[in-house]
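Trainee: Before anything else, here's the structure in question.
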Amino acid sequence: MLVSYNWLQDYVDLDGITPEDLANKITNAGIEVEHLNYPGEGLKGIVVGKVESCTQHPEAEKLHLCQVNLGSETVQIVCGAPNVAAGQKVPVATVGARIAGNVKIKRAKLRGEVSNGMICSLDELGFDHNYVPKEYADGIYVFDDEVPVGADALPFLNLDDALLELDILVNSAHCMNMIGVAYEVSAILDRPLHLAKPHVEESDQEASEKIQVMIADPKKVPYYGARLLTGINVKPSPRWMQLRLIAAGVRPINNVVDSSNYVMLEYGQPLHTFDYDQFGSERVLVRAAGENEEITTLDGQRRKLTNEDLLITNGKQGVAVAGVMGGENTEVSAATKNVLLEAAVFDSISIRRTAARLQLRSDASSRYEKGIDRNRVVSAADRAAELLTQFADATVLRGIVDAGERTVPDCMITMPWQKINQVLGAQLTLEEITGTLKRLHFSVETEGDTMHVSVPARRFDVTIPEDLVEEVGRVFGYNHIKATLPEGTSAHAALTPYQKARRRVEALMEGTGLSQVYTYSLTTKESVASYAVRNQEAAPTQVIWPMSEEHAALRQSMIPQLINVVHYHLNRQMPNVKFYEIGKVFLPVAGAARPAEEEHLAGIITGKRSERTWEGEANDVDFFSVKGIVETLFDALGVSSQISYQPAKRSGMHPGQTADILRNGEVIGYVGALHPKVEKDNDLNKTFVFEVALDALIRHGELGITYQGLPRFPSTTRDIALVVKRATAASDLDRVIRKNGAPLLHSLRLFDVYEGSHVADDEKSLAFSLVYQDPERTLTDDEVNAVHEKIIKACADEFGAELRG
Amino acid sequence: MLKEKLLELRQQALSTIDSADELKALQEAHVRFLGKKGPITEILKGMGKLSKEERPDVGKLANEVRQLIAARIEEKKTDLEARLLDLKLESEKLDVTLPGRKTVPGSHHLLASIIREVEDLFIGLGFSIEEGPEVEQDYYNFEALNLPKDHPARDMQDSFYITDDILMRTHTSPVQARTLEKHKGVGPVKIICPGKVYRRDNDDATHSHQFMQIEGLYVDHKVRLSDLKGILTVFAKHMFGADREIRLRPSFFPFTEPSVEMDISCFRCGGHGCNVCKGTGWIEILGAGMVHPNVLRMSGFDPSEYTGFAFGMGPERIAMLKYGIEDIRHFYTDDIRFLKQFYRA
Ligand SMILES: [Zn+2]
């Protein structure tokens, strides 16, 4: 909503309040002034000139030589505008003037003729061409009335104005018109409000003899009023009205359309004018449109309606889509003589739906959508009639023909007045509270501790006691309220065990050199299902209207996005990177619209283990680098003993370098190398990834810590190297050794893997270091030997393992 | 005779020792002069041939010479060893300005750091951290927050719908509604809800279809707007510096009444006006307000018994303001050169 500072002064005395002051005060009272513009900013030396004579330029067909009276002198100006003529009063940029775009006007010679300045178009004075009236669109501006020659032209073009652009939210719809803003400003400044009641001269002829109004559904159309105006002379509206419309961002058309737009801006009441002679009947029937009923709107479009739309009809056919757009057949034209003026109230939700579906959001529909003052509808019709009488020579037929309720009662709010202090934490007196409400033009009665506030319909956003708390708070000013700290129950708060563990996971990942990233949950439909820890039967979750194909479906794994992040870095010469992400994955559930959400941890590493240093190049990361990361994680979370790894074939992963991660036998993640084909497709080097369901890892009970005293007796260490088939999994040997070593085997560590000339081609040697210990005594060699032999035998039995010589 | 010989030996030995420049030469000197077959041993062995009168004198002298030589060898040895050590140390000299072998930790994402800082502050103030689903029911995302279907304010947050009734949450407020519901009408409820939210925006320098939000909620008997002001003052000072001031401006959110925006005095210019605060001296940080009675009622709380406040902030905005980051997309592009700058954040 663009508010003209000059126009506002019609209603509230702004003496001593600069536009900046006003903008700040309005913003601080809750309606943000987004911009403050001075349309005449930078203009200088523009005066009213009178074209005394206008002759053809001897050398140029399209140029005119004008002798222009500037009050103090008469100068020659060469003008190329087609509409320049002798006798006109025009804005002249004199020599030395500045026009729009900070262009300086100099004395010039045009085809041999001296030009002392420039006669200006509105565009040259900074007006937005979209709002320039048609009659001035291709030429200079011409004053249509008495303006003093030689005077500064800016005030006559409203270029001494300031425009406040208000950001209208749902609760400030009452400020979508000048009167509403005036009420607000009157309350903020605590200054009186001057509103003139429209005065309509009516003829003796009753309008009701010429028109009837019927409403089919009073719920959707609470009120419909019509006035008839005859003998209209369609022409441009007066300069002041045009300039106010332009300031508000509305293009002037003619006096009829302009008057109805002007009243909408002033009163907030959308009006519509029909050419009565084209109306087709003497009857207005407002009803729901039929399914697929058609109407041609005044933009020339044929539109198909549904029975959700409200239609203004002449009893037979549609003449306007209610509150949204008029019909072409009844449009006011230059030839119009008689006008049917509509002032109505339509259901906001219905208008919103229709406007959205037809993609016809207009100044009118947006006001209906956000709500209008129910009690202003009749006076808005009167105001339009008044303007059309004055500026379009109209005769107003007697009476408003209408149906529905003309007014609605005030909203009564009863509350203990102290509630305002209780909610705000303030200490306002009763007088301060009622005084503030009266500034807002609400009437207040008090009765002991109780306050009865009567809120007029123009403030339809104020309906409950809390709304009054806000009204008092914002007008009184929140800066007057002292900060306190809550006095209520003291609450203890701490991270949940899950939140605590998740923070530890983050620290651990960063400790191992991985940097945290956040990627998008929405990704492409193609990549969305790949790399999921568990393949999903149900179709991926998709959004109905994606903004782009890039963000169309919900990820089931973070790996595809992490691959993109690595790709990004490779493209920028950063080949050694390591990242992790903790975030939700969304697993579709058959038969349910909502996916199951799991929090996962995923990581990706590629390149060297570290950047090259002066000591030389580090090794490349490999499968065991990435596996070491997850193992470190499991150790830190104390779950390693429940974790096992199984060779796995997964789509997009290297078939020989991928392991599923199991916790107590259930797959909770995987770790491995990307498939070389994926690496090639994405221009990646060797890249390793993991993803683990964090929920499954943390939530299912973290293992507690059981303290064990320090050993008091020495331990015995024995190393063995076992030769087994290459296909034998180290973890299987590990399991068998532990099982057979219990309880004396205290710890076990694999320290060498050998494949080569000293063993057979299909064999490998695994060397383990075994530590035997008993907490209660020193073990004898015999005791250790017995267990050790048992282990070797078990390995021989299960895997055909032989001791390496 | 023997005396002269001893004195001569002494002279010889001392000069040999003095001229020795390595340990080996000292050892040789030791063997040569003090060894079992050395001249002094010989002399002592031949003492028997001497007269009774000569014997004590020569014996004494021989022992003195022997001790002197031994002492001098020892002295020289210490000397040489010290010199050798110096040489060795000299040879081990490093360019201590060369870089060490660092472990390079990964960096914590700046948004995560900001969220953690806010979490820790509010935990200290007695707020627990609640989380909730990112794919929400329309009911929790809108209706329970006083945004019925067809409410015009729904335009304000165009959403990613999955079905007519399921959508990507547009704010973390549904967690508030869910938490209130869980408390079955009994306060206090004192929570903050951090998390990802989604809106149908085109990604550009100032918009992101996915971003973070942290919301706070405190519902109890007699919670006042002045309490909100107090808590937000603590927050502003903690996050932006102890000399920050705040102001509350009226605003509109469907789920709060009254609603306010919180500005802080500019941390760059201290309130005089600069390009960070666009000349106003104030920076808009977050939206807040007193929980709307409809919201309380719908989640099972009696608005005549309970009041509450709620607030919501954007970690991206806080980060961008604090560090002068110009493009919101940096947070999701994850360029390591961006990320690692905030290693210590
Ligand atoms: Zn500043």
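Keep in mind that glycine also has a Cβ here, set from the backbone N, Cα and C atoms.
Bear in mind that the values here come from a model prediction, so they are computed numbers and not experimental data.
TrEMBL lists A:Asp461, A:Asp467, A:Glu470, A:Glu471 with the feature Mg(2+) binding site. Sequence annotations record features per position, and here TrEMBL assigns domain 'TRNA-binding' to A:40-154. The domain 'B5' annotation in TrEMBL covers A:408-483. Look at TrEMBL and you will find A:711-804 tagged as domain 'FDX-ACB'.
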Trainee: Under 8 Å, Cβ to Cβ, against chain B: pull out the ones among the binding-site residues A:Asp461, A:Asp467, A:Glu470 that qualify, in sequence order.
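Mentor: Cβ contacts with B, in sequence order: A:Asp467, A:Glu470.
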Trainee: If you run through the domain 'FDX-ACB' (A:711-804) with DSSP, how many residues end up as helix, strand and coil?
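Mentor: Counting residues per DSSP class in the domain 'FDX-ACB' (A:711-804), I get 31 helix, 32 strand, 31 coil.
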Trainee: Between A:Glu470, A:Glu471, which of the binding-site residues has the fewest other CB atoms within 10 angstroms in the structure shown?
Mentor: A:Glu471
Trainee: What are the DSSP helix, strand and coil residue counts for the domain 'TRNA-binding' (A:40-154)?
Mentor: 14 helix, 48 strand, 53 coil
Trainee: What is the number of residues in the domain 'B5' (A:408-483) that are helix, strand and coil, as DSSP sees it?
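Mentor: Summed by class, the stretch gives 35 helix, 17 strand, 24 coil.
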Trainee: Please average pLDDT over the domain 'B5' (A:408-483) for the predicted structure.
Mentor: 94
Trainee: Report, as a single number, how many Cβ atoms besides its own are within 10 Å of the Cβ of A:Asp461 (Mg(2+) binding site).
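Mentor: Around the Cβ of A:Asp461 (Mg(2+) binding site), 18 other Cβ atoms lie within 10 Å.
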Trainee: Within its own chain, what residues at least 6 apart in sequence put their Cβ under 8 Å from the Cβ of A:Asp467 (Mg(2+) binding site), listed in sequence order?
Mentor: A:Ile413, A:Asp461
